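Novice: Here TrEMBL flags B:42-60, B:72-89, B:119-140, B:160-185, B:286-306, B:327-346, B:352-370, B:391-411, B:423-443 as transmembrane segment.
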Amino acid sequence: MAAPSSAAHKPRRKAKKTATYDAIAKPEALVRTPSFPLAAFLWPARGSVSQWEVLPLILMAVGLFRWAAGLWGYSGFQTPPMFGDFEAQRHWMEITTQLPISQWYFHDFQWWGLDYPPLTAYHSWLLGKIGAIIDPTWFELFASRGSHDPTLKIYMRATVIVSEYLIYIPAAVIFVRRYSRLFGVAPWTAWVSLVAILMQPATILIDHVHFQYNTVMLGFVLSSMSSMLAGRHMWAAVFFVAALGFKQMALYYAPAVFSFLLGSCIYPRINVGRFATIAIATAISFAILILPIVLGTLYDASRGIDSQPDLDGPHPPLPIFPQLAEYLDTNAICYPVVEQLVQMVHRVFPFSRGLFEDKVANFWCAINVVIKMRKYPAVLLQRISLAATLAAIAPANFILLIRPRKELLPYAFAATAWGFFMFSYQVHEKSALLPLLPMTILLAGNQGLGKDIRAWVGFANLLGAWTMFPLLSRVDLKVPYAVLTLLWAYLLGLPPTSTSAYFQEGQSAWLQWSTAIVHGAFYLLMIVWHGLAQFVAPPLISLTCGSSRMSESALLASRCVISGVLANWSRKAVYLQET
Amino acid sequence: MDSGLPPFFAYFECAMSQIARLVDPAMLRVYNLGYDSWQTVYFQRFTVIVSELVLLYALQMFIDSAHGTSRRAAQAAAISILLSPGLLIIDHIHFQYNGCMYGILIASLVLARHKSGLLVSGLVFAALLCMKHIYAYLAPAYFVFLLRTYCLSPRSIYKIQFFNCVKLGSGISAILGLAFGPFALKGQIPQILSRLFPFSRGLCHAYWAPNVWAMYSFMDRLLITVAPRVGLTVNEEALKSVTRGLVGDTSFAVLPEVTPRMCFALTLLFQAIPLTKLFLRPTWEAFIGAVTLCGYASFLFGWHVHEKAILLVIIPFSLIALRDRRHLSAFRPLAVAGHVSLFPLLYTPAEFPIKTVYTIFWLMLFLVMFDRLAPASNRQRFFLFDRFSTLYIAISIPLIAYCSLVHSVVFGNRYEFMPLMFMSSYSAVGVVGSWLGFMGVYFTS
């Protein structure tokens, strides 16, 4: 018999990568009992169960939680005069279906003027058209303001779920599959992480309870990331433009996208063709994005429809970039288009608002407790915040630029988005969803369900949900908040339901204790704060204790998370040098 | 709403109200009907969940009573009962305390598994009867089983175990005395009886429970169009009072009328058939089978049966559905038909996704899981029957879609009775089919 050659025993799949990773972390195959409740729930699905049996069940279960959460009230429910986000979304369906396209971005700013990019407007138009078939009174111009028809609520809730199931959920399924295969993670483990990702409390609370369409944007971002994993750089760019075109908040990820795409054009060798493809694809998708607005404006102008019909006399000068007017003739054919686009940018990026909103948990809000930031001029604050943000996101993006490794994508996206969330201008509580998404998808990665990552990801998510509590408790949504966050904590075996995510063998005791103490302190603080907010003079607590403590603690926690991410990087860096 | 339930349930409600007083006193003013503050809703829903702990305990008893290889199957069956869409729809959305009641029923059934538990089993069942008299439908099976295994000697049916008879008899009388005694002292028994057994109501319930009478009505509707050509006489009065899903008398246009006496006789007849076998071979499995068949007979032939009575069949059947593949193939159409027939109970658009998605989720999960767990039978299976059930399950999807969406789009508010009629006729086919199949399995195993 011939000498045992490696070719004779060649496994069908190359096991090189997994072997190296397993040397760093413990192999999962040795785990014989479920280590947290979610794994126990999916335990019977191990082995020979087909994905066509498991996936529909997962999607149905997750959908049921979303719909049931949607039975609660929404932002601005029966709270005149302005109502809330629900009314804003409904109002956009009203104006996009009832007004000519050139008036969308000019219509009555006082009543929830449209302040999202065009794709949101097109989305609203489509939903408004479909809704009008069911009941035209839902979207009547002016007459429908503040409508709280129960059937309208059901329709709107259904649109959120349908949008999510068309965009976010397929993206998440594909991303989890690709990302877990990158590390050779078993399919069953990937399903567990998929459930954990889809049950993220903050996302359900904001989209399905509070009412918004964030998952559409997040879905495009996930699609972009999975295109990056698959090596389809052009599609990554296209999807990211779609995300940006839906919500400008996607800019939080822009540096990471830029670094990765540029990095993959110069590493391991310079690839001009790829660079050109990405650049052209980006330009074309932006063009397609604004094309309906441009054409619509030209068409309306030719029909003599004014974009600002309520205005007596000439149009005011451009709100931003007034110097443009010097080069343009206000009577030229293209002037309405320029005016329209400038107006859109002005509506989408409102630099005139304050540094932060009421109780957002970012750095500026925290430091505001010590130094009153509002007394400084806006321009100075903008510059400081820009510098701080750049400093915060620079390291992560630099690493991604010189070594565009697919494994690092979620880390870099999370670090960049955290950087923006902590230091940028005009941050809203809901923006916490952006850094939470790339952090949570780490669960699908290498050792993602191990104690280390689970503890950190869980900590960030529960903190993130907690910072949204004031937003939710304002409209009496404490019950879904409590149920969804505690359920998620229970499923992943996290405090306050369990401490099993801490202390594992084979790690330095010092690191473990410090993690446990930091996390434990915050969990304790959250519990005490909730107790106080519930039973002791609510307004006092929420004003003083709430804003300052919460933001400070969240700030610190997020810093810890970032340092945790950096610690992971250093581990990865060791790995990179070894290979 | 009047209190149409026996005394023990009244005591149960009384205990609840003592707690409710602490939560919100306004809830309890006697004429405060239709009162629904948030606290009340929370409290009521919460009590349902808490009372379901009884079910949880009973299911744990059931799992503990199973040994060896059947233990995993018992666990699967227990989880399927706990997560039953029937209980979700009836208890947690529609609002009732069935989970607790069925918990007591299961506890009683499990107790009967061992000789030492027979007496307690009978007494628990008597107490259950005093909480909800719908379980009287299952009483014949209990009567025969306890008579054969407890009151008569296991060796010969001609030897009577007198001491056992005395124990059982005095226990049951004590429970009945406890339940009805206080009312008997005040002379309210006739009042209670008239409330418990309302024979003045019609043959079919509002939404047409999927039983033989639903098929009978459906046939009648079909015959209306055919009758003039064949030369049958059509009752003109009945044509005007077409059952539009309203409570009241169903009158038939072509087919003969049905009286309560006929229903009662048919029910007893079809209960007696399986009971003879139980009397001859009193094993625990045969007992559960007989309980299930008593439930079937009363559901299919009973007077004014409510859809939710299908749980009387599904829940005992779940306990033995995993014995082998033959049992499972009879259970499958029942699981689909029984749960689909509950859909009309929930009619608001907000509840629609919950009832359908949850039921489909449950059916997929448990039918797949049961399929893996049920061992092959050592007897010949019914070849045709499997095909029937697959086809049957497949039809349910377009039917649900039609009844809940397409019909209202096409016809608007006209012909409102049509989806209900289709739904209940479809479900009736499934229930009757599964009944016939299970009869076959019961008598051949």
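Note that Cβ sites are derived from N, Cα and C of the backbone, with glycine treated the same way.
In terms of burial and nearby residues, how do these features look in this structure?
Specialist: With a cut-off of 8 Å between Cβ atoms, the residues of this chain six or more beyond the transmembrane segment (B:72-89) that come close are 52, 55-56, 59-60, 62-63, 65-66, 98-99, 102, 106, 308, 310-311, 314-315, 318-319, 321-322, 338-339, 342-343, 345-346, 355, 358-359, 362, 366, 369-370, 373-374.
Beyond the ends of the transmembrane segment (B:119-140), by six or more residues, the same chain brings 5-9, 12, 101, 104-105, 107-109, 111-112, 146, 150, 164, 167-168, 171-172, 175-176, 178-180, 196-197, 267-268, 271-272, 275, 291, 294-295, 298-299, 302, 309, 312, 316 to within a C-beta distance below 8 angstroms of the stretch.
Long-range neighbours of the transmembrane segment (B:327-346) within the same chain, counting only residues 6 or more positions beyond its ends whose Cβ lies under 8 Å from a Cβ of the stretch, are 85-86, 89-90, 93-94, 207, 209-210, 245, 307-308, 310-311, 313-314, 317-318, 320-321, 352, 354-356, 359, 362-363, 366-367, 370-371, 374, 381-382, 385-386, 388-389, 392-393, 396, 399-400, 403-404, 419-420, 423-424, 426-431, 433-435, 437-438, 440-441.
Here the transmembrane segment (B:352-370) has long-range neighbours at 76, 80, 83-85, 88-89, 93, 321-322, 328, 331-332, 335-336, 339-340, 342-343, 346, 400, 404, meaning same-chain residues at least 6 beyond its ends whose C-beta is under 8 angstroms from one of its own.
Listed as Cβ neighbours of the transmembrane segment (B:423-443) (distance under 8 Å, sequence separation of 6 or more from its ends, same chain) are residues 207-212, 214-215, 218, 273-274, 277, 286, 289-290, 292-293, 296, 299-300, 310, 313, 317, 326-327, 329-334, 336-338, 340-341, 343-344, 382, 385, 388-389, 392, 395-396, 399, 403.
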Novice: Mind checking which residues reach the transmembrane segment (B:160-185)? Cβ under 8 Å, same chain, six or more beyond either end.
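Specialist: Same-chain residues near the transmembrane segment (B:160-185) but 6 or more away: 6-8, 119, 122-123, 126-127, 130, 146, 150-153, 192.
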